[in-house]
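Listed in Swiss-Prot:
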- CYS56, CYS57, CYS121, CYS151: [4Fe-4S] cluster binding site (BINDING)
Amino acid sequence: MGVSTAAYDAGPDKEHATQLLNNELQDKGFLLTSTEDIINWARTGSLHWMTFGLACCAVEMMHTSMPRYDAERFGIAPRASPRQSDVMIVAGTLTNKMAPALRKVYDQMPEPRYVISMGSCANGGGYYHYSYSVVRGCDRVVPVDIYVPGCPPTAEALLYGLLQLQRKIRRTGTIVR
């Protein structure tokens, strides 16, 4: 019933030794992983997004939460407060007057925080790009993790962007050492 130590005698290749030990323990009903992997797995399955809807893209954003697309089945739930959310979705035309409010809301979010820029206006100013009062992309105010193109992007495109964010979180890891 004991675990053999052959995995520990595999030499300097720790990854190979870990894989051997993991294969042996799986047959006995155990899982070998790291704390960082568990935290990232939990983080991707419980994203709480906050809307920062500024224009017509916000209507498409609402469709993502409705029964047809149901983002909650992927562990992505809406929240009203920035202090309870991990993800901010910026949708619509960001004006110079609204930019400080966007930054203030972003600063109120707990770490780690992510931003999705939704639509042509949020990505780069869109139709109003040459207007004197429009910020040419919300990435000039806050760091953006995922860009969702379109005018307005469909609910499927936003859902795909949210799933890509989950994939990015799993791939990169966010624990500071």
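Residue numbering: from 1, along the chain as shown.
Glycine is treated like the rest: Cβ placed from N, Cα and C.
Model, not experiment: these values are computed from the prediction.
Annotated [4Fe-4S] cluster site CYS56, CYS57, CYS121, CYS151; additional same-chain residues within 8 Å of its Cβ mean position, judged by their own Cβ, are ALA55, ALA91, GLY92, THR93, MET118, GLY119, SER120, ALA122, GLY126, GLY150, PRO152, PRO153. Each of the binding-site residues CYS57, CYS151 was scored by the number of other CB atoms within 10 A of its CB, and the lowest score belongs to CYS151. Sequence-distant contacts (6 or more apart, same chain, Cβ under 8 Å) of CYS121 ([4Fe-4S] cluster binding site) comprise LEU54, ALA55, CYS57, GLY92, THR93, LEU94, TYR127, TYR128, VAL134, CYS151.
CYS56 ([4Fe-4S] cluster binding site) carries neither a helix nor a strand DSSP state and counts as coil.
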